Amino acid sequence: MVNLILVGPMGAGKSTIGRLLAKELHLAFKDSDKEIEQRCGANIPWIFDVEGEAGFREREQAMLSELCATDGMVIATGGGAVMRDGNRQILRAGGRVVYLHASVEHQIARTARDRNRPLLQKPNPGQILRDLMDLRDPLYREIADVVVETDERPPRLVVQEILERLRKLPPR
């Protein structure tokens, strides 16, 4: 089976929904950020501090390339993975891409206490999330086979909608 690749902003539910999708489809689940952390033996904020965002993005591209080279997985990506053209090409070629859309208000509510998100460890995280959404939303949509809203919806219903919509797509 072709990979299912989840993209979207932080707080959209990529990891939660990815695990449920993988269980439903009897596939492996991989979170690209967690895979990077395991490979490096360090968490994402540390990598950002030491290598900067550019260094992290290099690691991210290598990890996405590796994960997408194998079929039969559900892959949750980091929110900024779409920022590099090379990553977008890897993701499009790597499987069916599902954009989990969440409003900025829901992102704020879901990420408010999370200290593991380097881009939000600055004053005014709400404005940062709005700016990131303005920048990234067109890129998520550019590569998505399916766009699904996650606001105010239980993860199981989101999973059901994803599966129904993917079934209606023509084979690749």
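Note that Cβ sites are derived from N, Cα and C of the backbone, with glycine treated the same way.
According to Swiss-Prot, the protein carries these features:
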- Gly11, Ala12, Gly13, Lys14, Ser15, Thr16, Arg117, Arg153: ATP binding site (BINDING)
- Ser15: Mg(2+) binding site (BINDING)
- Asp33, Arg57, Gly79, Arg136: substrate binding site (BINDING)
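Comparing the binding-site residues Lys14, Arg57, Arg153 by how many other C-beta atoms lie within 10 angstroms of each C-beta, the top residue is Lys14.
Within 10 Å of the Cα of Arg57 (substrate binding site), not one of the binding-site residues from the list Gly11, Ala12, Lys14, Ser15, Arg153 places its own Cα. Separating the Cα atoms of Gly13 (ATP binding site) and Gly79 (substrate binding site) is a whole-number distance of 11 Å. Excluding Asp33, Arg57, Gly79, Arg136 themselves, the residues of that chain whose CB lies within 8 A of the CB mean position for the substrate site are, in sequence, Met10, Glu60, Thr77, Gly78, Gly80, Ala81, Val82, Met83. When the Cα of Arg153 (ATP binding site) is compared against those of the binding-site residues Asp33, Gly79, Arg136, the shortest separation belongs to Gly79. If you compare Cα positions, Gly11 (ATP binding site) sits closest to Gly79 out of the binding-site residues Asp33, Gly79, Arg136. Among the residues Asp33, Arg57, Gly79, Arg136 said to bind substrate, no two Cα atoms are farther apart than 18 Å. Per Cα geometry, Ala12 is the residue among the binding-site residues Ala12, Ser15, Thr16 nearest to Arg136 (substrate binding site).
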